[in-house]
Amino acid sequence: MTTGSVLPLLLLGLSGALRAHREDLTVREACKAGFSEEGYTALISPNVLEGEKLLKVEFSSCVGTKGMQYETNSLDFKVGADGTVFATRELKIPSEQVAFTVTARERQSAEQWAAMVRLLVAQTSSAHSEHKKGQTVALDPSQPPNDTLLPWPQHQSSGGLRRQKRDWVIPPINVPENSRGPFPQQLVRIRSDKDNDIPIRYSITGVGADQPPMEVFNIDSMSGRMYVTRPMDREERASYHLRAHAVDMNGNKVENPIDLYIYVIDMNDNRPEFINQVYNGSVDEGSKPGTYVMTVTANDADDSTTANGMVRYRIVTQTPQSPSQNMFTINSETGDIVTVAAGLDREKVQQYTVIVQATDMEGNLNYGLSNTATAIITVTDVNDNPPEFTTSTFAGEVPENRIETVVANLTVMDRDQPHSPNWNAVYRIISGDPSGHFSVRTDPVTNEGMVTVVKAVDYELNRAFMLTVMVSNQAPLASGIQMSFQSTAGVTISVTDVNEAPYFPSNHKLIRLEEGVPAGTALTTFSAVDPDRFMQQAVRYSKLSDPANWLHINTSNGQITTAAILDRESLYTKNNVYEATFLAADNGIPPASGTGTLQIYLIDINDNAPQLLPKEAQICERPGLNAINITAADADMDPNIGPYVFELPFIPTTVRKNWTITRLNGDYAQLSLRILYLEAGVYDVPIIVTDSGNPPLSNTSVIKVKVCPCDENGDCTTVGAVAAAGLGTGAIVAILICIVILLIMVLLFVVWMKRREKERHTKQLLIDPEDDVRDNILKYDEEGGGEEDQDYDLSQLQQPEAMEHVLSKTPGVRRVDERPVGAEPQYPVRPVVPHPGDIGDFINEGLRAADNDPTAPPYDSLLVFDYEGSGSTAGSVSSLNSSSSGDQDYDYLNDWGPRFKKLADMYGGGEED
């Protein structure tokens, strides 16, 4: 066959294939796949056997049912390849119905369809059962599809009594969530058997009808068909409880209300949600397989009793995939993550990131919904790496006598987690330091070992130390881990020589000797030792502290001699011990010195005579009423003190004549009068006191005795107690003089204050506050309210320049702005008021002076104010020149009389009287 004949055949075959493909596409576009019904209902027995066929669902597919797969959301039921629904196990159904969803899935396109299956439990009597078990419910042909009829419970009357027959058990109504409608979608139809006789109106009440959420369900009042008006959401509300009512057209109740239970059938519309998006856990390195790490949890809002809410877990990825890509596994049901492989090593991988997936539908990845979370697993450190020294030997150097000095740093390496007990190093000297001169402390930052001198070393004894140090961790090593040979190192420490100070071997040195040894007496040799035996240095001595300057030291050999007499009773002696400090210095470079203390215990000798106590006393002038107790004080110590001997001297003879001493004990005696009466006064009584030293010392002391008259109780009745108290006559006189001076000063101050007060009152009476124009605003009388005198001659105000001089006329109308040209009247000089406080006399005197003043206007005289007119000599005010007060002459104020004396004094410079 040629090529020309084959080509037309190929084109013809291709054309036919294209035509067949177009026809197949046309058929598919005209075909609509899906279940024959949106819901199936069947009656079943309460007891269902395993494998029992319950009903059959029909599915129409445009490509045939060969590639279809059926599933249910219930583990109790399965669907065969032909659509037959059967039980997977023996069931005892306690409720009135069972509802579940059947899903048809196309394997190639993964497209799926769902239908609701309701299995009603047959619990009614045979008289009311119109269906056979195992068959799909046959509906009334007059009813629309899915018009499930729920008859009202019937009643029967007998003999006038109304008996209710056994009611229908109204099965729950199941509504799948997320239905696409169309809405309203019919659920069931309810009817009463009385609707054949009378018209009946139906209604429903309850949550979802007339209670929020409102109008989720409604009912056709005439036909009784109940509808759902919108898609349901089981996660929002899983069930509804309604009540159905039947009334006639007048609203009268025809039937008792019945309960309707509506259950929302769950659909797989919610993904599992993890409680946390990131989980943190930890596991020890080196853990064995099966070690628990952490638990992740995801919740699904769908029904947990169905596959929609059954969540399963799995690990999606692990990062890093070292040493194995599957180091962990997860329990699919509980979410527990455990190790599945060995080899966890923190020093290699410190952290793993694991992506965990949660899938519902029991983990079916084809049908279930999934979600993911992150699990961060930290590998925690264990002490599986012993610390190791970076080198096997270390060296250091330290001067002798130096402490708390770091002489060497020991470095270690530890691969465990820094700054943890598994990393922190602990150092221990295991040999080479029997005397404990060194310790090794750990630097908390670098983890180094610091070899520190804690006890001074001596170059003359040890010139070097060879230490062996071992290092470990604060935490013990993990099981099976052994210490490394590199955990031990040697440390060589060299000691360098320094110039050490001389020291006194016996420091403090104590010697005992009697006080009073003469100057120049050798006491002891206080020598020092130079520890630098190999330097052959000379030591010189000197005094550092000698408070009383009693001692001398030989600068070469340290011999100490006395430079003065040692006195135990001196203020420089404390508790019989005199203390001095000496200095020993070598001639090294640089020089070094040491100090030593010498303590001299002074043994007491009887070198102090006793002193009589008290120095003053008083006694009654007649004997027998009282006596004076006397004793003695001695600066020495026992046995150079008491018992004391008290006696009166023979000279003067009056002492033994007037006084007598009675011994009480070794320390006390009584001094009393020997005669019957001794005149009052102060007497000096000498008394000889002798101690018990060897040899004994005596002292004659004088006691001042105040002899005074006494009352029946033996107490002095004079002021002698003052003197006895320590106040002499001079002191008393001085106190009295001070008191008198103080009283005089107070009196003078009171007199001065009285005089000042009188002067202030006098000034106030002589000066009217309104007349004092200094620094005050002048107040002039106001002429308001009209003129009192209305009968004066107005012609006096006309042409005042033509009038005769007012001074030549008798007192009447006069000018008050001119100084009178006549002779000034002579006023009587006011006598000095002997008592300025007498206000009445002062006022009367002023009144008489005013009455005798010829220039004083009468009370009812007419005051004529100037009318300047054209002939005024004042001119313009602007012609006035300002001038200082120094340019003015105020002497004329002295001519105005005593009434203006204060003003004249103010402006004329006069002094106030």
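For all residues, glycine too, the Cβ spot is worked out from N, Cα and C.
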N-linked glycosylation site: annotated position in Swiss-Prot, out of Asn629, Asn881: Asn629
Candidate glycosylation sites Asn280, Asn409, Asn554, Asn699, pick with smallest Cα gap to Asn629 (N-linked glycosylation site): Asn699
Residue pair Asn409 (N-linked glycosylation site), Asn699 (N-linked glycosylation site) - Cα distance, angstrom, rounded: 79
Site of maximum Cβ density within 10 Å, from glycosylation sites Asn409, Asn658: Asn658
Same-chain residues at least 6 apart in sequence whose Cβ lies under 8 Å from Asn699 (N-linked glycosylation site): Ala609, Pro610, Gln611, Leu612, Ile688, Val689, Thr690
CB contacts for Asn629 (N-linked glycosylation site) [other CB atoms within 10 A, all chains]: 12
Reported mean pLDDT - the domain 'Cadherin 4' (505-610): 88
Integer Å distance between the CA atoms belonging to Asn658 (N-linked glycosylation site) and Asn280 (N-linked glycosylation site): 114
Cβ-Cβ distance under 8 Å to Asn554 (N-linked glycosylation site), same chain, at least six residues away: Tyr541, Ile560, Thr561
Secondary structure at Asn699 (N-linked glycosylation site), reduced by DSSP to three states: strand
